[in-house]
Each structure stands twice: as C-alpha cells, then as structure tokens.
C-alpha cells in the first residue's frame, strides 16, 4: 500500500487548499473523510438504511436522501442519539477510507481528516501533516467565510482539538498564515520528501 500522509488542521486552516495543490501540481491521490462520510449514508447504502430503521422514514428528504438538518436537530437534543450515530458511522467511515487507500495509484496518498486527532485516526497514517494557523486567523477566516459571529466560531474551536494538541502529533507542519505566504513552495518541499520516503516504503 502507498505511503499515507494524514492531513489535518483546525477550522479554516486551509486543509482543502493544501490538498488541492498536492493534487493539481503533483497528481497525488486524496481520500477525504468528509466525502467518505457522505458516501456511507448515500441512498441505497447500509448506513442510510440503519439510520432510517432507527429514526424513521421522516429522516429522509422527498428525494430519499438523508435530511442532515433534521438529523442534526435530533442528535443535538439527545446525546445518546449522537453516540448511537457515531457508533454506527465511525467504523463504516474507517473501513471505507482503508478500502479507498488500498486503491491509490500515486506514490503516496493524502488522507484528509479534519478531526484526525479527535477521532484518533493517526493509526491509519504513516505521517501526520498539520496545516497550522493562529487562532485569530481561524476566527477571522471562519467569520468571513461562513457569515457567523465570533462566539459561534469560538464554540467550534472549543469542540476541536487545540492547536497545541495537533502540533504535538505532527510529523510535518505547513504554515498557512498569510495570503502571500508561499504555500506551494512548502508543499513542493514536502512532496520531494514524501516521494523519497515512498521509495523506502516499497
């Protein structure tokens, strides 16, 4: 199997931008946990069938897809329902990510997991790459991007692993603080490093 680089970072750190640059410039395969999480509850999936069985058919939209807004309301009000949902979906997501990583054709793969530290998914990775920004940058970017107030962003930050916790697990770090920072140069340097490591990994 290809060398697996776990890519993570806090909200608005620029994970997607970094992953896209690896893909666009170096044709690196990406397995994205957010996409996998949607796939395991797609119409016709075992995940969606189990959710409907548990919550009832009114958890679906008219098109037969998962009504995420309604599901959020249900689990927000009842912590035991959230625990049930996590116990159902986390193993499914993990299995699907492992299956997808086994299909990788590039010398190494990026496993993009926003909550990699929180869900202890670093066990799936050979190295952990953290996209790092200061908290004030996260606050401003998220408020600008999502039109939310500072209090809401701080609540999200509080629910995530701290910057210190992420950096403590990092093998590599990309600084993504300012718009003019040379992101591509940092990525190019890491790409060369990962290529060399992937040859040793064979």
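Think of each number as a place in line: the chain as shown, counted from 1.
In case you wondered, yes, glycine gets a Cβ from its N, Cα and C as well.
Because the structure is a prediction, the values reported are computed rather than measured.
Per Swiss-Prot, these features apply:
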DOMAIN    4-201  domain 'DPCK'
BINDING   12, 13, 14, 15, 16, 17  ATP binding site
Point to revise | Segment confidence, the domain 'DPCK' (4-201), expressed as mean pLDDT | key: 91
Practice item. Quick one: among the binding-site residues 13, 16, 17, which has the most Cβ atoms sitting within 10 Å of its own Cβ? Key: 13
Check your understanding: Excluding 12, 13, 14, 15, 16, 17 themselves, which residues in that chain have a Cβ inside 8 Å of the centre of the Cβ atoms defining the ATP site?
Key -> 9, 18, 131, 176
**Study point:** residue 12 (ATP binding site): tally of other CB atoms within 10 A of its CB
**Key:** 22
Exercise for review: Check residue 17 (ATP binding site) against DSSP and tell me helix, strand or coil, would you?
Suggested key: helix
**Study point:** Same chain, 6+ residues apart, C-beta under 8 Å of the C-beta of residue 15 (ATP binding site), given in sequence order
**Key:** 7, 8, 9, 112, 114, 131
Review point. In which DSSP state, out of helix, strand and coil, do we find residue 12 (ATP binding site)?
Key: coil
**Study point:** Protein Cβ atoms within 10 Å of residue 14 (ATP binding site), excluding its own
**Key:** 23
